[in-house]
Every structure is written in structure tokens, then in C-alpha cells.
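Here is what Swiss-Prot says about this protein:
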- Ala61, Gly62, Leu63, Asp64, Lys65, Thr85, Asn138, Asn171, Lys216, Thr244, Gly267, Gly296, Tyr317, Ser318: FMN binding site (BINDING)
- Lys65, Asn110, Arg111, Met112, Gly113, Phe114, Asn171, Asn176, Asn245, Thr246: substrate binding site (BINDING)
- Ser174: active site, nucleophile (ACT_SITE)
Amino acid sequence: MSYALLRPFLFNMDPEHAHEMTLSLLDKAHKARVLGLVYGQSMQPTDCMGLQFSNPVGLAAGLDKNGDYIDALAELGFGFIEVGTVTPKPQVGNDRPRLFRLKQADAIINRMGFNNEGVDYLIENVKRCKYKGNIGINIGKNAATPVEQAADDYVYCLERVYPHASYITVNISSPNTKNLRDLQSGEALTHLLDAIKNRHSQLATEYGFYVPLVLKVAPDLDPLQVDYISQQLLDFEIDGLIATNTTLSRVGVEDLPDGDQAGGLSGRPVSHISTQILQQFSDQLDGKVALIGVGGIDSGAKAVKKIEAGADMVQLYSGLIYKGPGLVQSCIQSIGGYYDAMEN
């Protein structure tokens, strides 16, 4: 069944239940060995952060929080998969309802709150999967951990996931964990990166191989914050930046049903602001840090906009919900066409 036929049925369901059902259906199709026949794999080889990717279009964190569906999702043609956000201990997240569709705007508001089964559960899934591509693991802190002790949670997760991840993303930008975004500023960011980078260097020595470190930031940053974060990335030799997470802004959706729900807004309305922030980081970092663009990509043209703004690679999430799995190949082909045109 095509996604266009399935979507009306899914969109009449509770969003979180529909999310779970979609992943279950994908898993069944994967086990029946039909997904690869339908979607295949487009090649657009990309080198980034010292890693080789089959193509520059990845899955953003949040869709497969626990790594339960890596093999099924990989068959949609992604060049890399990011799982998580995962925390040291399992946690249920915020109360339901916590996921809302804004259909008129092709948008989603979520206040999930890092619901996950804990880092050890995720690691077992990563170890068990057959996918041979790059897997990023996105780490966060437990809601019960005071923000002043956040570094302890991040370092704990870093230690656990290090031998199993292709790269590790430090998520300090979710709006749904109290005070988490405070870690994006001032001494809090410096202290966090110092603790993470010190342990990261030790782990690289202990294991004898290097796993790139990535920071994921919010779109709700002013120019001074962009400048400060950029300098911290350079000072601590962080390998990559994901721009961006969801926004607290409600511009363009404030009058829509559920447009005033608390949480982070993703999808089409965040496209412009996230691309602006990406461009600002690109200007500041001047190619010294790898950039992954995410936010509002619902077409191949939008993916190219991220590349034009300085992204080395892109990630999808909300666009998949509204446009379906065919969006992956569309983005790969559009980015490939863009690079071909640049060379001619």
C-alpha cells in the first residue's frame, strides 16, 4: 500500500499511536523483505567528520528513540540513521497527549520529554541490528537530574555508547526537558563541553579509535549566542553541529487548532528560521566544523536550500510524516543534481 493511501487512515488516529503503528508496519514490511524492493538505495557518496556515507540524507533523532527499528528504517534509503535521544535511566517522558499535528501547516508540536527505555536498552538494539551504515546516537539527561549535574548524565551515556556509535550527538536543545536549553549558554556550555571532551579523549585512547562528537542546537538563538556557541565548538574541537532542533516560536501557526500547545514546533514553519541559523553558523565556522541541516525539509528543493546554506548533510523527520518515505530519494536526487550542476 502506498503512503498516500495510508496517510488519511493514520491521520485520523491519535498521533502517537499512529507513530507507533507506522513503525510497526515498516518493521513487518522489512521482515517480509519488501521495503528494499519498493524504495531501494540511491548512492551519493559523502565524506563527513572522517566517516563515509552512502548518501547525505539521514534520519533525525526522535523517530526511533530506542533503536528498535534501525534495519527497517535503513531500507528507506537513508545514508545514516540517528537514534535517541537516550538517557542514562529509562523514563516515561511527559504526560499524554504530547504530540499534535497541525495539518494545515504540515507541522508537528511535541512535548515528548525524552521518553525512552534507557541507554542500555538502546545499546542492545544497536548491537543486534544488521545495518552496516553509520549510526549516530543522540544522548541527553534524565529529567530528574538537576541541570547543574547534567554533565554527569552526558558523560555516563557517552561512556556507554562510545564503542557502538558512528558518531555521538549531544542534545542540549530540546525545549521539553526543564532548563535543558540553559546548557547552550555561558559557563554552563563551557563546563559541559569540557567534561564531555575530556572523557571523550580518554575513551578514544582506551578504545584505539575516534568517534566524532556532534552538538545539536535550537533555532531560537540570537546572533551573540551563535557567536558564542561557534567559538566553543572550535575551542573544544567538536566535530559537527546539527542545526536545528524544534522551535518555541509559533509564527504562522498561532491561529491553527492546537497551535498554542506547549512544546517544540517542527515541520514546514521551522524551515526558514532553521536555515537562517544554519547559515549563521556556516558563516562563523567557515568549514571548520561539519554541519548537518535539519528542520522543515519536505522536498528535494528544501534539502538543497540547506546545502546552499552550508550543510554537509541533512536529516529528515516531520517531512516524512507528511510526505512519506519517497521524500528520502527525492532529497538524495535533488542534492546530487545540485552538486552536478555546480561542477558543470
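Glycine residues also receive a Cβ, built from the backbone N, Cα and C atoms like all the rest.
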Asn245 (substrate binding site): nearby binding-site residues from Leu63, Lys65, Asn138, Lys216, Tyr317, Cα cut-off 10 Å: Lys216
Cβ contacts of Gly267 (FMN binding site) (under 8 Å, same chain, 6 or more positions away): Leu102, Ala105, Asp106, Ala107, Ile108, Gly296, Asp298, Ser318, Gly319, Ile321, Tyr322
For Lys216 (FMN binding site), nearby residues of its own chain (Cβ under 8 Å, 6 or more apart in sequence): Ala61, Asn138, Thr169, Val170, Asn171, Ile172, Ser173, Leu241, Ile242, Thr244, Asn245
Ala61 (FMN binding site): tally of other CB atoms within 10 A of its CB: 27
Reduced DSSP assignment, Leu63 (FMN binding site): coil
Integer Å distance between the CA atoms belonging to Gly113 (substrate binding site) and Lys65 (FMN binding site): 11
Using Cα positions only, nearest of the recorded positions to Arg111 (substrate binding site) (Leu63, Ser174, Tyr317): Ser174
Length of the line joining the Cα atoms of Ser174 (active site, nucleophile) and Gly113 (substrate binding site), in Å: 8
DSSP three-state assignment for Lys216 (FMN binding site): strand
CB within-chain contacts under 8 A for Gly113 (substrate binding site), separation at least 6: Gln91, Gly93, Asn94, Arg98, Ala143, Asn176, Thr177
Output field, substrate shell: CB within 8 Å of site CB centroid, site Lys65, Asn110, Arg111, Met112, Gly113, Phe114, Asn171, Asn176, Asn245, Thr246 dropped: Gly62, Thr85, Gly93, Ser174, Pro175, Thr177, Gly263, Gly264
Secondary structure at Asn171 (substrate binding site), reduced by DSSP to three states: strand
Assigned element (helix, strand, coil) containing Arg111 (substrate binding site), judged by DSSP: coil
Pairwise C-alpha maximum, in angstrom, for the residues (Ala61, Gly62, Leu63, Asp64, Lys65, Thr85, Asn138, Asn171, Lys216, Thr244, Gly267, Gly296, Tyr317, Ser318) that bind FMN according to the record: 20
Where Asn138 (FMN binding site) falls in three-state DSSP terms: strand
